[in-house]
C-alpha cells in the first residue's frame with residue numbers, strides 16, 4: 001500500500017487518459033491535479049506530443065517547471081531546478097527528427113510506401129485532422145527526435161515498412177490517432193526510469209510510482225511503475241501488462257479524464 005504523503009511520482013499519458021480524446025477536456029481530473037500539486041507530488045506528463053506542445057499543456061494544467069516525457073520517450077524535458085544536469089533543458093535520445101525524415105523520404109521514394117507525415121502538410125491541415133487551433137497545430141510540427149504520420153497503405157505493406165525501419169534502427173509505434181517513428185533505443189519506459197533515478201539521486205530515496213495510460217503504447221511505461229491505472233480506451237484495445245495483480249493494477253470503467261480520476265480515487269481515496 002502507499003499514500004499521497006510519501007515520496008511519490010505520478011506519470012500520465014495525455015490523449016485518451018488525462019485529456020479527452022476528442023475535446024481535449026481535462027476538467028474531471030482538475031480536483032486531483034490540485035490535490036497532488038498541494039501535496040508536492042510531481043505529475044509527469046508522458047506523450048507522443050512534441051516538447052513545445054507539452055510545455056503549453058503543462059502551463060494549462062498548472063504543472064509548469066516539472067519534467068516531462070515527449071515524443072514517446074525520445075525527448076526528456078528536464079525540471080526547471082535541474083539546470084546542473086548535462087543537456088539541460090532537454091535530453092534527446094537517438095537520431096534527430098531531420099535524420100528520421102530523410103530515412104522516411106528515401107523509403108517512400110524507393111520502395112513506394114504510402115503515408116503522409118506532419119512535415120508534408122501545413123498547420124491548417126493538422127488543425128483539421130486534430131481539432132486543435134492553428135497555433136496549437138503549429139506546435140505539433142516542432143519534432144526533435146521523431147516523425148508523426150498517417151499510414152495510407154495496406155497491413156501487409158505496414159509489416160514490410162516496420163521491418164525495414166527495424167533494420168535501420170528505428171521503431172514504428174501506434175498512438176491514439178497517429179503513427180510515430182523514432183529511434184529504437186527510445187521509449188517512455190527508459191525515460192521514466194531515468195527520471196525516477198534522478199529523483200532518487202536528489203532525494204536519497206526511491207519514490208513510489210503510479211502510472212496512468214490508455215493504449216498499447218503506454219504498456220512499457222506502466223510496466224516499470226509500482227502501481228498502474230489502465231484507463232478504458234475509446235474504440236481501441238487497451239494496454240496489457242505482464243502482471244495485472246489487482247493490488248497494483250486497476251482497469252477503469254470510465255474513459256479519458258473521468259477514468260483518470262477513477263484511477264486516483266481507487267488507489268488513494270480508499271486508503
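A Cβ is built for glycine as well, from the same backbone N, Cα and C atoms used for every other residue.
Mapped onto three states, the DSSP output places residue 15 (Mg(2+) binding site) in strand. Per Swiss-Prot, the feature Mg(2+) binding site maps to 13, 15, 214.
For 13, the entry in Swiss-Prot reads active site, nucleophile. Around the Cβ of residue 13 (Mg(2+) binding site), the number of neighbouring Cβ atoms within 10 Å comes to 29.
Neighbour counts of Cβ atoms within 10 Å were compared across the binding-site residues 15, 214; the minimum falls on 15.
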